[in-house]
Amino acid sequence: MGEFKVDKFNIEDFFSGDLDIFNYSSGMPSILPDAVPCHSENLEINSYAVVVIYVLVTLLSLVGNSLVMLVILYNRSTCSVTDVYLLNLAIADLFFALTLPVWAASKVNGWTFGSTLCKIFSYVKEVTFYSSVLLLACISMDRYLAIVHATSTLIQKRHLVKFVCIAMWLLSVILALPILILRNPVKVNLSTLVCYEDVGNNTSRLRVVLRILPQTFGFLVPLLIMLFCYGFTLRTLFKAHMGQKHRAMRVIFAVVLVFLLCWLPYNLVLFTDTLMRTKLIKETCERRDDIDKALNATEILGFLHSCLNPIIYAFIGQKFRHGLLKIMATYGLVSKEFLAKEGRPSFVSSSSANTSTTL
């Protein structure tokens with residue numbers, strides 16, 4: 001797609017409001033006030049505070065997810081199906097976090113990195129988001145099959161999980177293609193550029209399509225899969241009094257719960273905004289202002305998710321802590337007496353290695 005040219009752009013097709021009031025945009029702008037000529041009272045968010053948050057999230061994610069990958073790869077001889085999924089999840093979170101410094105820099109001076117980097121960073125962030133939620137759905141199906149429908153052929157999944165992960169990454173690459181094609185630097189006022197979908201005169205229609213795509217395949221469908229699988233998994237665990245396996249599932253449940261707490265608010269607000277843009281909900285200036293503020297706040301909450309999984313593993317995952325301490329003891333960073341005092345975590349006994357996780 002060529003360079004964005006203001007003289008060929010009908011600004012009334014993109015916005016119907018006063019552009020000078022638009023002082024803040026997210027890294028992936030989704031809230032441009034294009035529905036009614038409203039004057040926001042306070043849409044501006046302290047951009048430097050957002051920069052600090054993004055930098056901290058990036059650092060925590062780099063350290064935490066790198067340690068997760070190290071522990072899993074160090075114990076790859078005993079790596080379970082779930083561990084492979086969690087390894088890919090850590091990779092996705094790591095790459096997601098690597099894009100945050102660029103979005104943080106764009107908070108202060110707008111997008112100054114050109115069209116190519118706009119496409120690349122937007123695409124990487126979109127692919128990693130899709131892959132994260134799809135991998136979580138795969139984990140839920142794996143636990144459902146392992147516990148609710150345990151069979152003698154379950155061990156074969158160890159050889160299939162790599163292909164499942166590759167398929168999820170390829171699906172994420174395909175689902176994110178519209179972002180790669182349409183993202184370009186777009187002017188929102190005389191001096192500020194944002195990295196956003198350049199869809200010309202078809203703004204409203206294509207924007208709704210670009211909203212429905214990630215909301216449906218990147219959140220709603222995986223969410224329904226997770227609710228179904230974990231609902232039946234929990235019922236089976238409680239009915240069979242499988243307390244040991246239930247304790248082993250705590251990390252997985254915590255990972256899914258944190259994902260929902262981080263991304264559900266944003267997706268609910270985004271869904272409400274989509275209904276408003278399609279005129280299914282009456283739009284007023286007050287509602288537009290509330291939606292814009294909510295989208296800004298909940299998007300930041302969603303970005304925090306990329307650094308939280310390693311924290312969950314550290315506090316809940318006994319095997320992760322032991323695995324990390326074992327690596328540190330190998331290189332003399334902690335004493336072997338301290339490692340012995342911590343004790344080796346008991347593994348869940350099973351006819352299949354699929355029901356045990358390193359974390």
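Each residue, glycine too, has its Cβ placed from N, Cα and C.
The model shown is predicted, which means the values in this text are computed figures rather than measured ones.
The cysteine that Swiss-Prot pairs with Cys118 in a disulfide, picked from Cys79, Cys165, Cys195, is Cys195. Per Swiss-Prot, the topological domain holding Ser47 carries the same name as the one holding Glu197, which places both on one side of the membrane. When the residues Asn23, Asn189, Asn201 are compared with Swiss-Prot, the one annotated as N-linked glycosylation site is Asn23.
Restricting the average to the topological domain 'Cytoplasmic' (231-250) gives a pLDDT of 74. Listed stretches 48-74, 120-141, 163-182, 208-230, 294-314 were compared with the transmembrane segment (251-272); the greatest number of C-beta pairs under 8 angstroms is found for 294-314. The Cβ of Cys118 (disulfide bond) lies under 8 Å from the Cβ of Trp111, Arg183, Asn184, Pro185, Cys195, each of which sits 6+ residues away along the same chain. Counting Cβ pairs closer than 8 Å and at least 6 residues apart in sequence, the transmembrane segment (48-74) and the transmembrane segment (294-314) reach three or more and so form a contact.
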